[in-house]
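According to TrEMBL, the feature signal peptide maps to 1-20. According to TrEMBL, the feature disulfide bond maps to C26-C41. Sequence annotations record features per position, and here TrEMBL assigns domain 'Cupin type-1' to 55-191. Taken from TrEMBL, the feature Mn(2+) binding site applies to H103, H105, E110, H150. The oxalate binding site annotation in TrEMBL covers H105, E110.
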Amino acid sequence: MEMYLPILFVASLLFSYSHGSVLDFCVADFSLPDGPAGYSCKKPAKVTVNDFVYSALGIAGDTNNLIKAKVTPAFAAQFPGVNGLGLSMARLDLAVDGVVPIHTHPGGSEILFVVEGTICAGFISSSANTVYFKTLYKGDVMVFPQGLLHFQFNSGNKPALAIVSFSSPSPGLQITDFALFANNLPSAWWRR
């Protein structure tokens, strides 16, 4: 029996590789539906250099809104070249008093790099509900583990800018306030 274990191990490794790992890349084909594994791959003959370049992160986001914040994503839905690569980015603009409310990314971890300004950021552990937060300054980096509640707000007196990276081309977003108070669960259930 022990001699079969190495064979089973090697076989499981061979079968665990995805089709995407055989390809150099898998540029998102937006003409086909998005599925649980991401977008289908564009035929290589239709791929261009423009699929691997995204310029929107160089444009300041409009923070003239209720939360005084704007996130400009470079996820697979906007940037087809990151499809299947296990990463993506976003630009975070925070006006003075701007806030990104408590939220989670169920599909990926996040790392935030402060380019300008001062940002207070933190996350809440799932085991002991411990809050880990710190005021970040230009050049500081903070990581937010996948699926944990976290937040950012501008704690300075001038606009702040951060670049955010994710460990997924489609990290997802669930804003806690909306999940709790803007869902379709009947109000009568809450009164029980």
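In case you wondered, yes, glycine gets a Cβ from its N, Cα and C as well.
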Additional residues around Mn(2+), ordered along the sequence, whose Cβ is within 8 Å of the centroid of H103, H105, E110, H150: T104, F123, F144, L148, L149, P171, L173
Secondary structure tally of the domain 'Cupin type-1' (55-191) (DSSP, helix then strand then coil): 16 helix, 56 strand, 65 coil
Among H103, H105, which are binding-site residues, the residue with the most C-beta atoms within 10 angstroms of its C-beta: H105
Average model confidence [pLDDT] within the domain 'Cupin type-1' (55-191): 94
Distance, C41 (disulfide bond) to H150 (Mn(2+) binding site) (CA atoms, angstrom): 32
Rounded Cα-Cα span from C26 (disulfide bond) to H103 (Mn(2+) binding site), Å: 29
Which listed residue (C26, C41) has most other Cβ within 10 Å, given these are disulfide-bonded residues: C26
